[in-house]
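Remarks on the structure that follows.
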Amino acid sequence: MSRRILIAGNWKMNMRAESGASLAKGIVDAVGKSPAVEVVLCPPSVYLSGVADAVVGTPVELGAQNLYAAEDGAFTGEVNASMLTDVGCRFVILGHSERRQLMGETDACVAKKLHAALAGNLVPIVCVGETLEQREADDTESVIETQIRGSLEGLDEARAANIVIAYEPVWAIGTGKTASKEQAEAVHAFIRELLGKMFSTEVAEQIRIQYGGSVKPGNAEELLSQPNIDGALVGGSSLKVDDFAGIIKAAPSA
C-alpha cells in the first residue's frame with residue numbers, strides 16, 4: 001500500500017531562538033504550500049513555541065524530541081504530552097539512541113512514554129537500532145526485535161497504525177557512515193515482518209518506518225526509493241535549509 005513519506009528534522013541540542021526561527025522559516029519557504037511528503041521539525045523544547053510561530057498555517061509540522069510519561073506534578077525539568085500539544089506539537093521522538101545511551105532509557109521507559117504520547121494525541125516516532133559491535137556479531141535482528149517488542153509493550157492493534165518506527169543504526173549516527181540501501185532495506189523489511197507478527201499484516205503495511213543515520217541529499221534518493229523505507233529521521237542535515245530541502249526533494253511522492 002502507499003505510505004506517505006515522512007521527513008523529520010531532529011535538531012538535537014542545537015540552534016538558538018533567532019537562528020532556529022530563521023531556519024524554520026527557510027524550510028517553510030523551501031517546502032512550499034503543497035509538499036508531496038510530510039515534513040516535521042523537532043527543535044529543542046525551549047524553542048518549540050518560536051518554531052511553532054514560524055510554521056503555523058503551513059504544511060510543516062512540529063515535533064518534540066522527548067516527553068515525560070506522567071501528567072502534571074512534581075517532576076522538575078520535565079515536559080509532558082499535554083504541554084507539547086498545547087504548543088502545537090503533533091509528533092514526538094521517543095527512545096533515540098542518544099537518550100538510550102546517555103540517559104539510560106530502557107525499552108520499558110520508552111513504552112511508558114509511547115502510551116503517554118498516544119493518550120495525548122501525539123504521533124510517537126519510536127527509535128530502534130543496533131551498535132557496530134552488535135551488527136558485526138550478526139545480532140542486528142535480535143537486538144531490533146527486543147527493542148521493538150519492549151518499546152511497544154501493551155500497544156494494541158487498534159492504535160498501532162498511529163505510530164512511526166525509526167530505524168537508526170547507532171554506528172551510522174553522526175559518524176558520516178551510512179547503511180547501504182540494501183542494508184537499510186533488509187532491516188526495514190524485517191521490522192515490517194515483525195510488526196505483522198505482533199499485530200497484523202494489514203496494520204504493519206500502514207506503519208511508516210523511517211531510516212535515520214547520516215542521511216544527506218546525496219544518499220537520500222537511493223535510501224527513500226526502497227520499498228520499506230518510508231522517510232528519514234534527519235540529524236545534522238536538518239540544520240541547514242539547503243541540505244534538508246535537498247532530502248525532501250529527493251523523496252518519492254508516493
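Heads up, the Cβ atoms here are built off N, Cα and C, so glycines get one too.
For the substrate site, Swiss-Prot gives Asn10, Trp11, Lys12, Gly174, Gly235, Gly236; the one candidate out of Ser22, Ser214, Ser225, Ser253 that the record lists there too is Ser214. Note: the substrate site is recorded as Asn10, Trp11, Lys12, Gly174, Ser214, Gly235, Gly236; in the same chain, Ile173, Val234, Ser237, Ser238, Leu239 also have Cβ atoms within 8 Å of that site's Cβ centroid. Once Cβ contacts within 10 Å are tallied over all protein chains shown, the binding-site residues Asn10, Ser214 are led by Asn10. The Cβ of Trp11 (substrate binding site) has Gly20, Leu41, Cys42, Pro43, Pro44, Gln65, Ser238, Leu239 as same-chain neighbours under 8 Å, each 6 or more residues away in sequence. DSSP gives Gly236 (substrate binding site) a helix state.
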